[in-house]
Amino acid sequence: MLPPDILQNGEFETIYFQTNPTYIKSPIHIPKSTIGKPDTVKIRHFFALLHQDLVVLGLEVFVYLQIYSDFVEKYVYVSKCDTVGLEKSTIKIGKVIGPVLQYIINYNGYKIKMKNLDEKSKDLSDPSTLVRLQRLRDKLPDIYPNLPYYNDIPPKEECIEYRTLPKTQNLRLCVFTKPAKEYLFPNSAKNPYKNLLNGQSLLRWWISIIDSITKGWNNHKLMIPGADKYATRKFIEKYSDWSEGHIFKKDGLAVQAIPLFPDDPKGRFLELVIVECRYGKMTVSRFYQELAYRQEFLLGDCVSLIGCCKENLEVTYHDDSVSTVTISEYKEFMNSLKSVDFSDRVEVSNFVSNYRKSK
C-alpha cells in the first residue's frame, strides 16, 4: 500500500483493515418498477499511520458497489480524515493519504457471497436421502444420537458461493470538505502539532491530492454551494481538466440521482426533502440551488463537494490477503477509538498496544 521510502524504512507502521462486503439498500433510490435492479454491497475501510506507538493520522473510507448484470457502479466516499498532532511529524500527510486512497479506489479483491436463501426452502427443495435421514434423526429421542449407528451420517458442510462480478466498472469518487477541529480523534485539537486548516486551505489540500491520483479520469468536478462560479474557479484554475459542477445526473428527480452517504450534507438535505414529501417534485438542479441555503454552507468558512468519475473501466478481479473484519468488529474498534483521549500520550500508546495484542 505504501512504499518503504514513505514509511522511512520501517520507522512508521500502519493499521489497515476492511469489513467483509455486506448487502445494503441502494444509496440511490431506485423505483420498484425498474427492471434489472442492482444489488448493493458496502465495504468500510480504515487506515492509520503509527510512529513509536502513537497514532499520527487516520482515514475512513466507504465503498459502495452497485452490481448490475453487465457492469458495476463503484462509489468511493471519503468519510473522515484526521491527524493527531502529539508530536511533530517528519512525514507529509498528503504523501500518505494519496497512495492509500488510490489503493482503496483500485482495490478489486472483494469476495462477495451470493445472497442467502431461506434455509428451509433449500431443505424442502432437496429430497435427497441424506436430507431425509437428517430430518428423521432430529426427531429421534435423545438417546439415539449417542449410538454409533445414528452418528454415521456426516455433518452437512457449509458451501459458500461467491459472486463473479462484471469486468466493466464506472468509478465515482466523492469527497465533502468541511473544516473541523476533530474528525476521528477526540481531544486531538489540544495537541501542539495538530495543523488545523481553514476551509479554503483544506479544499486546496484535497484538490491537490485527488488530482494527483485521478489523472486520466473523465470528469473532475468542484461545487461550493453558495459561491459564484468565479470564486469556485479560483480553486481549480491551475488544473486543466477540472470544472464547476457535480458528477451525478443533471436531469430528473434528485432522489433518483444523488446518493445518500453517512454524515454528508447532500444526504441530510435529501432526507429532509423526503420527510417533507417534496421528493416527487425536487429536481436535481433545484436540489443544488436549495442546498446552498443550508446552514452548514452559510457559516462563513468554505465548505465544498468534490466529485470525480471514470467510465467504462475494464478491471481484473483478484484474490488478496487483506485483513478483513466483521461489521460488529469494525464498530467495536471505532467505539474503542472514540473512547480514547488523544491528547494523552499514555492513553494513545495503550490503545495501540491493546490493538496489537488483539491481532
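All positions are counted from 1 along the displayed chain.
Placed from the backbone N, Cα and C atoms, the Cβ positions cover glycine too.
Look at Swiss-Prot and you will find 1-359 tagged as domain 'Rtt109-type HAT'.
As annotated by Swiss-Prot, acetyl-CoA binding site applies to F176, A180, N195, L196, L197, W205, with the evidence given as similarity to another entry. Long-range neighbours of A180 (acetyl-CoA binding site) (same chain, six or more residues apart, CB within less than 8 Å of its CB): none.
Its Cβ taken as reference, D264 (active site, proton donor/acceptor) is surrounded by 18 other Cβ atoms within 10 Å in the chains shown. According to Swiss-Prot, the active site, proton donor/acceptor annotation covers D264.
Summarising the environment of K266 (N6-acetyllysine), the number of other Cβ atoms within 10 Å of its Cβ, over all protein chains shown, is 23. What Swiss-Prot records for K266 is N6-acetyllysine.
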Would you mind reading off the Cα separation of W205 (acetyl-CoA binding site) from D264 (active site, proton donor/acceptor), to the nearest angstrom?
19
Among the binding-site residues F176, W205, which residue has the fewest other Cβ atoms within 10 Å of its own Cβ?
W205
Between N195, L196, L197, which of the binding-site residues has the fewest other CB atoms within 10 angstroms in the structure shown?
N195
So among F176, N195, L197, all listed as binding-site residues, which is physically nearest to D264 (active site, proton donor/acceptor)? Use the C-alpha atoms.
F176
Using C-alpha positions only, work out which of the binding-site residues F176, N195, L196, L197 is nearest to K266 (N6-acetyllysine).
F176
